[in-house]
Amino acid sequence: MLSTLQPPRSLTLLPFRRFHGSKTIASLASSSPTLDASSVSPPQSQILTTRRSLLSGETTASEIAKSYLSRIRLTEPQLKCFLHVSENVLKEAQEIDQRISRGEEVGPLAGVVIGVKDNICTEGMPSTAASRILEHYRPPFDATAVKKIKEMGGIVVGKTNMDEFGMGSTTEASAFQVTANPWDLTRVPGGSSGGSAAAVAANQCMVSLGSDTGGSVRQPASFCGVVGLKPTYGRVSRFGLMAYASSLDVIGCFGSTVADAGMLLHAVSGYDRFDSTSSKQDVPEFESQFLSMDSFESKPLKGVRVGLIRETLEEGVDSGVRSATQEAASHLEALGCLVTEVSLPSFSLGLPAYYVIASSESSSNLSRYDGVRYGNQVMADELNKLYDCSRGQGFGGEVKMRILMGTYALSAGYYDAYYKRAQQVRTLIRKDFKAALDHNDILISPAAPSAAYKIGEKKDDPLAMYAGDIMTVNVNLAGLPAIVLPCGLVEGGPSGLPVGLQMIGAAFDEETLLKVGHIFEQTLNGSGFVPPTLPNVA
Amino acid sequence: MSTTLFRTIQPNHFTLLTTALLRTRRTSRHISVRCQTSTTTQQSSSQQQQPRTSAPKNHGSNKLDEILKDYEAVIGIETHVQLSTSTKAFCSCPNSYGSHPNTSICPVCMGLPGALPVLSSKVVDFGVRLGLALNCSLSLKSKFDRKQYFYPDLPKGYQISQFDVPIASGGYVDVDIPLEFGGGHRRFGITRVHMEEDAGKLLHSDAGDYSQVDLNRAGVPLLEIVSEPDIRSGVEAAEYGSEMQRIVRYLGVSNGNMQEGSLRCDVNISIRPIGQAEFGTKVEIKNLNAFSAMSRAIDYEITRQALLYNQGQADQIVTETRLWDEGAQKTVTMRKKEGLADYRYFPEPDLPEVILTQEYVDSIRASLPELPEAKRRRYEAMGLGIQDVLFLANDVSVAEYFDEVIGKGADVKSAANWLMSDIAAYLKNEELSISDVKLTPQELAELIAAIKDETISGKIGKQILFELLAKGGTVQGMIKEKDLVQANN
């Protein structure tokens, strides 16, 4: 349990704290971690703080909800993280307050304000995957993850913006709006879960759900300076997640701390009989990993074997990112980890294999959007024209491109050369990861080759954008869990741009990732990745 | 939500499909055993003439026979069997025929965003049963694939099916050709049996200006049985089809009803000059909703193709799908195939592989009932003639009834005679099935015994029979009540 509790950021409603550090990248990671966190106190779990303050009567769920709603009202015009804000937030908060005042039990997420990516179904609330073809679509059921959140008292505050159907790395491919990065409004928040990442960074919600097919949780977490957790494939039910690439898709979690991301993951994890790819593996109680700093020993990660993936620091990676990663490795060493370089020979094969598999599966998964049963239908006097027009006008450019690529890759005569070969590469990547993880407890790498780039910068250069996924896609191909957490800043924007460190674990070993991640985060000198005050926010 | 279901679809180039897609509900189900065999007989005998009458006029019957004898037909049949599971294949919607449109649907079988399929274990169970019954080898590890195409009755834009690793493959089925068609045994190879889901139905407006989608049938489990191209005539095809129907009914995996579309046969047929090794151009025939129609359609098609060959117009036999037009008694072009359809199959990522353990397979094998072929051979060994054998083994409930009667010690020949003559006639007149009658197998055995030991005469036996069939009761009771003991006793 956390021993030092501070009022959650949400309750202060003060302008954002400015980041204290200088703009040099080495400022955060010290070679000898000071466990007394001299300058800024380490970030606190908002979920635990909320739980504590609600149960102690210090505040009410309604007050918390109100503060978040007004925060959203203030910041949303610049950020555009949400496609829909729920009308029921206050009502749900009041119900929690009533339960507390009646002395009834409340769930572990009671009063926690949660954003949900728009490709995750929420009953009666618009769920469009940021696509025109599903504009105004309201599903008749909750995704299993959402159902679990609601059962535990969590409040779904709204639906976050994303690249249409998860296809993109900037959230610019949303059919409805472009989300800005809270660290620099002229930059992208990353994608595809850009809305979910930016909303947590800007404190519009405490935690959020995203989805990660090739890095869509981890890369925006890196760009926005928040924690992004991609669980093992099968850990969280995909039921209610609009499929992009079924064999790669996972629902992931964002938080401003490792503890929050971990507790949200715990809430949504577990076998679901409505998803036959969900796993029956036990879900451990992650909360015991989130010890307060007081209880850390001098070398709290003594003996943890960390492999730094050599291929992720080669050319094509920004020097700032490279040194931030190396600093992070030093920090882990200082905490007692044994850091060595490891090589994944198949590393560079992942990206093309990923795009073949993801496009192929998406070309199939998106066939159901035909305008016949739901979604936007363009009337036509002939069936093929109905399909042409409904899909032609309903899908955006990026989606159409991937459907075309996938259709091509699965076509007779090309299947063996593309899809089948990509699956062989996938097996190879799995093997390489397995070998590396046999000798290491976790592997580390940058989360992305660069920090957030400018809006529009890569919009017309899809290959450059795809190349940005190189750090993350292999993890999806192997189905492994990974966490991204801020580890440093590089120059750019009004007060620097965050850079994330990716930690990759063995299948179903989120526990180790959370433990190492939490200690890393709590001991990072000058930690506390809070974006600068948004300009013109009154 | 229901409003979204009935969206209007404008008529389209596929309107030719109308008849194939519209399966009209026929309420009168003839379950009488006699009726079934007799229709098969009628149907099969009529095939002798039908194609000839619809063949071009300038060919006399004899001349046609001359032409036909130079050619050999190569026929393979794809049979779709709708399984009688209580739920659909991948969701828990009830699998019920004839419900009001779109009342048996859910997010999964409607293909709503985010919905995922979960396989019903019953489908695997039935697949294994049928695979074993068809003497196939089972894949202990098979998988599902997606077969992709767009059509409004296909909610997901793909059908979950099995492509390169079906659950069962490499089997065979033995049939007896009825005596009137020359008799004899035939063995047809079974290429494969695979699991898949059915599509919904399109309902077209009377004026033909719009169509509606009914998704009740979407997701209903099917087993598709593909035969080897071993079949050579309409008669053989009809017998193959009938055997499939018998087998699925014996196994209890389907009601095998062709009118409801629970059993659907598509025929692939080509002909080649006798002696030629390579196959001719293959034509597919659909819309065959009775075995008689299948037999006639095939014989029509053989004649049509043979005449084209004979007239030097073999190039006019093209790869196409033809429909059987029952009214005109001929096959007509439904659609020409432009190259091979590319279904872009790939492994279904939403479903894990289907893993069977040997113990599971063995336990199912041990639970299989006696199958039609085994029954026929057993009846034959008991001394029954082939006509009797075919009659008795045709309907599983008749066969079971017969087995019970002889199990009570009744004379085999007498039991067969009673079932085939008086009881069958009664069932036909009353439009009943054997399971509806009040006469228990025990009492039929008693009746046979009473006649045999001359307690009662055969004539009196008949009187009692009809009363017992209609009202039940015991033979002894009836004899006592009516004082029917033969005078000479």
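The backbone N, Cα and C atoms fix where each Cβ goes, glycine too.
In the predicted model, the domain 'Amidase' (A:63-514) has a mean pLDDT of 96. The feature domain 'Amidase' is assigned by TrEMBL to A:63-514.
Feature annotation from TrEMBL assigns active site, charge relay system to A:Lys117 (among others). Here the Cβ of A:Lys117 (active site, charge relay system) has 33 other Cβ atoms within 10 Å, regardless of which shown protein chain they belong to. A:Lys117 (active site, charge relay system) falls within a strand segment according to DSSP.
Look at TrEMBL and you will find A:Ser192 (among others) tagged as active site, charge relay system. Counting only same-chain residues at least 6 apart in sequence, those with a Cβ under 8 Å from the Cβ of A:Ser192 (active site, charge relay system) are A:Met162, A:Asp163, A:Gly166, A:Met167, A:Gly168, A:Ser169, A:Thr171, A:Ala173, A:Gly210, A:Ser211, A:Thr213, A:Ser216, A:Pro220.
The DSSP secondary structure for A:Ser216 (active site, acyl-ester intermediate) is coil. TrEMBL lists A:Ser216 with the feature active site, acyl-ester intermediate.
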Cβ atoms near A:Ser216 (active site, acyl-ester intermediate) (within 10 Å, other residues, all chains): 37
Conformational class of A:Ser192 (active site, charge relay system) under the three-state DSSP mapping: coil
